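Have a look at the structure below before the remarks.
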Amino acid sequence: MDLSEAPKMAEDPNSDPSKHRPNQYTSSKSSIAARANNYKFLSVVTQPFRWLKLLSSELNPSFIFGVILVYGLNHGFSGSYFKVVSDYYWKDVQKLQPSVVQVYIGIYAIPWVMKPVWGLLTDVFPVRGYLRRPYFVLAGVVGTVSALALAAKGGLGVLGALGFLIGVSAAMAIADVTIDACIVRSSIEVRWLAQDLQSLCGACSSIGHLIGYSISGLFVHLLGAQEALGILAIPPAMIIVLGFVIYETRSTTTGSYGKGKAECIKQVGVAVKDTCKAIKYPHVWRPALFMFLALSLSISTHEGQFYWYTDKKAGPAFSQVFDMSSLYCNS
């Protein structure tokens, strides 16, 4: 080869081997973008846990555990599971008509109507210096005993079953109002986390309801309508544990028994007086009256629809495992 052609080959761009190599800059840029996307994904996944860690650091971890337990397991899961399984229990075990069941549902909803009474008790009647812990334990014991009695006792009469269902409902209501009192106190002490606590309550309740509605039909199918009620003993048993582990400062101002009793009665009088004073304001009693009339005068055909949904002759005969669970979730 002529030496005069060497400079031309060096200047020829097609002869440069670096042009045929991958662009290292583009490859590096792609890897950085991929790592950034992975980081964003992990950040989204871990954000709820970091949020819970923030709440636990600013508040007490046992209190956050109590909110998740009561709103998620007790209020959310138990409330939805109780609704489905009790419907099957009245229909398949007790063989009652829908109109009668509707009346009974109104009866064991009374403990929820009495939430102001439970709230008054937890505010002014301490037990051994504690205002919250004893009521968690009480709710847990009542709920556990009632659920186990419903599931274990064969040939239970209608009135006995109604009484135990009232016990299960009362346990859920007492635990709910007790944790609400804890939430109010924490919201006052740490105001900038008040909205976060409400979001935590709503999220736990929604997730618990979805899980309860989704698996309740499966347990009825596997265990039977009566035996499936025994699952309702698990959440109140956890509430008993919560009553012993949740943080609460013991009050030392009760003094002797007589002095403490007189102080409690005085606080009840003050609370009743403040309630009567507040209810006189138009912006309080008008919405309250509207909500009362809207709920009390609304007509519900739920039980009739449930009996028709599950009827094998007159209705579509929805299955326990999938169809009824999906129906309750959508409603």
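Glycine residues also receive a Cβ, built from the backbone N, Cα and C atoms like all the rest.
Unlike curated entries, TrEMBL annotations are predicted automatically.
Predicted, not measured: the structure shown is a model, and the values here were computed from it.
Summarising the annotation, TrEMBL assigns region 'Disordered' to 1-27. Residues annotated as transmembrane segment in TrEMBL: 63-82, 102-121, 133-152, 158-179, 200-222, 228-247.
Sequence-distant residue pairs (6 or more apart) of the transmembrane segment (133-152) and the transmembrane segment (228-247) include at least 3 whose Cβ atoms are under 8 Å, placing the two stretches in contact. With a cut-off of 8 Å on Cβ pairs spaced 6 or more residues apart, the transmembrane segment (200-222) and the transmembrane segment (228-247) reach 3 or more such pairs and are scored as touching.
Between the transmembrane segment (63-82) and the stretches 102-121, 158-179, 228-247, the greatest number of Cβ pairs separated by less than 8 Å involves 228-247.
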